[in-house]
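In TrEMBL this protein carries:
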{"type": "COMPBIAS", "residues": "511-527", "note": "compositional bias 'Basic and acidic residues'"}
{"type": "COMPBIAS", "residues": "532-546", "note": "compositional bias 'Low complexity'"}
{"type": "COMPBIAS", "residues": "597-606", "note": "compositional bias 'Polar residues'"}
{"type": "COMPBIAS", "residues": "683-693", "note": "compositional bias 'Basic and acidic residues'"}
{"type": "DOMAIN", "residues": "14-208", "note": "domain 'Poly(A) polymerase nucleotidyltransferase'"}
{"type": "DOMAIN", "residues": "213-357", "note": "domain 'Poly(A) polymerase central'"}
{"type": "DOMAIN", "residues": "361-419", "note": "domain 'Poly(A) polymerase RNA-binding'"}
{"type": "REGION", "residues": "1-20", "note": "region 'Disordered'"}
{"type": "REGION", "residues": "506-569", "note": "region 'Disordered'"}
{"type": "REGION", "residues": "585-606", "note": "region 'Disordered'"}
{"type": "REGION", "residues": "678-703", "note": "region 'Disordered'"}
Amino acid sequence: MVGSEALASPRQHGVTKPLSLAGPSEADLLRTKKLNKFLVDAGLYESQEEVAHREKVLGQIKQIVVDWVKELTRLRGYSDQMVEDANAVIFTFGSYRLGVHGPGADIDTLCVGPSYVNRDEDFFFVLHEMMAKMEEVSELQPVPSAHVPVMRFKFEGISIDLLYASISRLVVPDDLDISDVSVLYNVDEPTVRSLNGCRVADQILKLVPNVEHFRTTLRCLKFWAKRRGVYSNVTGFLGGVNWALLVARVCQFYPNAVPSMLVSRFFRVYTQWRWPNPVMLCAIQEDELGCTVWDPRKNPKDKTHHMPIITPAYPCMNSSYNVSTSTLRVMTDQFQFGNQICEEIELNKAQWPLLFEPYMFFECYKNYLQVDIVAADPDDLRAWKGWVESRLRQLTLMIERDTQGKLQCHPYPHEYVDPSKQCSHNAFFMGLQRKQGEIIQENQQFDIRGTVDEFRHSINMYMFWKPGMEIFVSHVRRKQIPLYVFPDGYKRARVPRAVNHQLVCGSAEKPSIKRKDEGHIERDSPQRRKSISPSPIMSPFMSPQSHDSVSPDMHSHSLASGSEPESNFKSEEIGFFGCSSGSSIVTNEEAGPEKTSLVTRNNSQESSEEYFQSAVDELSGDKIQVFGIEVRCDISWLREMKVHFSLVVGKLTPKPTDHTTPSTTILNPPASVAGKITPQLTDHSKPSDESKRPVTPLRPLVNSGTGPTAVIVLQGVNGGHRLRVGSWNIVTLTGKLLELVDALQRHRVQVACLQETRWKGKRRGEYNGYKLWYLGANRTKNGMGFLVAREL
């Protein structure tokens, strides 16, 4: 017979026991009622008409993909019965599947089709052409090269992100169980990632104790994250699935809590969480199908993750791999801010609106980087902005790398538009500050000129670039922030720090007065903090010493933790070594974006030319050959990358003698050579007649923008996961590296996979005994390419 104690034992949600089984008090219920009213008043819920419209649109998309699959089945000669049975299924995931979407939100959808309907041709070409002809469809944008390939569009005004997964079945039933691991059999990595979104959403809803409380809490915290500037996966913060997983874990810790309690406990838990210990809703499922699962004990790369939040569906992976040290620092400060406000709410000293006060980003730093993005028309800007925004996280990482972490970056995920510009325009901003506790020397400067040039170079490798697409990076001080970033069109008065410090910079810590000689001493020592969690938060991956206390030994990196922002730069300038006093950046921020771009380009040319020259001045010009290859790149480049030109375009002399020679007369190949590979790439024994062409000056080769101006060199495998041509990501390694290398070798292209993962600082490598130098890159009419010198 089962005892009463056994019957009363609570069900365990997650990998650990609950922290508390306490239910709500009358005060908690009242606070929950006020919170719900606040969310409704903030406009976070859709009307019934909007709900019905979304359901109608999903039904129409379902019919479109079914007709598409049936037509492909008929064209491929299958039987009439097979055509009749042919089917595709639409699943939703993300905020819509979780039930927390708001007005105007997009719908994340997944189309699952049969094995004979593929993604590269059938989805991104045939279906794309079908939808492009529909009046209901607008802003159609295929993104086949994304980490998760997606087709974005609007259908009757509703934004849709449509993924495709081809599974190992000839007929896909309407009642397909996508949570069954069998759907992952014999599929490629992009398909696994496409299926994972739906599988994760279903698992989250199964693993939380109370779905309605989970939804209200998640809706609240997503709104908070957007108001506080920490909602953006692509920028290095957290996206929708990350916030859902964090909230779900708190729901597991407090299974009987109501939303007002869960919001408060959320900040309490994650203010004290010992990162990088992972957040997990369930135990990591063992490897069943050979898919890689997150496990830092086996995978060295997983050890580098700063804020692991693990998905609950097989294959378990870290959903927050984009988080950097800078963005983790910002989020930690915001968690502390939220925790303090919630404590005041529970003491009836504050109300819910105070928690959702907008983050006053432009009042928190003295120095900013402004990234202006312009294009010829709105359609071009949409694609160009998406590419640039996806690379902003790299700029953050590069600045911290090149300053050894002494200069910290705060990318702000909101975009701004200058209405005075005639062209299509967007701007992003990034706050800059010296790392707290760093001892600085008098007149110390941070030289980030090369870092910004490297970033601009990587941005300009966009393979769908069109005329008019430009990017400008400039340094602005707080007083120079443009007025269009402020909601009312004018700059807000700064709130006195002693009065309301936490609303300016979002830190929960109190301002303190320090002596001058304490500027380098780290504050917030463990002795002055205590745990506010009822019991330790445990994890299977925690180290033994982390089990004795919930409160982490964190050092405060917040700008708000006791020092005036202006003081961070009193003895330094964010700029470049060798600048005159008072100048902190090579681009003249007083000149505006147009003049800034010219200054940057000219400086880049001169510095590049000097560097290219120094790379080869130790060798005789007779021992250097320069090759040019144009790689034709279109939307089907994964399948149809072909070498269009390959020829020796000249010898490189140690010093350029003629900077006025038109590059087109030098670089245009003879008709007999165009379209085929010359022996020089495979036969190194003797030079051909092409090598006897007139000596080519360096500058026209590097700066030319027409004709076959570049040589392809596959630079290496970045961390074992990506193949790169220069700084341009070509293709993920899994399943594609050998295919690409084999295709190039069939065209008799010498594939040089250098071990250097980036060229900056060491632009030379070795392959099969031949020394190679990276000299520059140019965009050609039909594709991209790179200029390389080879020592004979």
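Heads up, the Cβ atoms here are built off N, Cα and C, so glycines get one too.
Where the annotation comes from TrEMBL, it is an automatic prediction and has not been curated.
What you see is a predicted model, and the numbers here were worked out from it, not measured in a lab.
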Inset, instruction - By DSSP assignment, list the helix, strand and coil residue numbers for the domain 'Poly(A) polymerase central' (213-357), in that order. - result: 74 helix, 6 strand, 65 coil
Inset, instruction - Count the residues of the domain 'Poly(A) polymerase RNA-binding' (361-419) that DSSP assigns to helix (H, G, I), to strand (E, B) and to coil, and report the three numbers in that order. - result: 28 helix, 19 strand, 12 coil
Legend entry - Segment-level pLDDT (mean, integer) for the domain 'Poly(A) polymerase RNA-binding' (361-419): 91
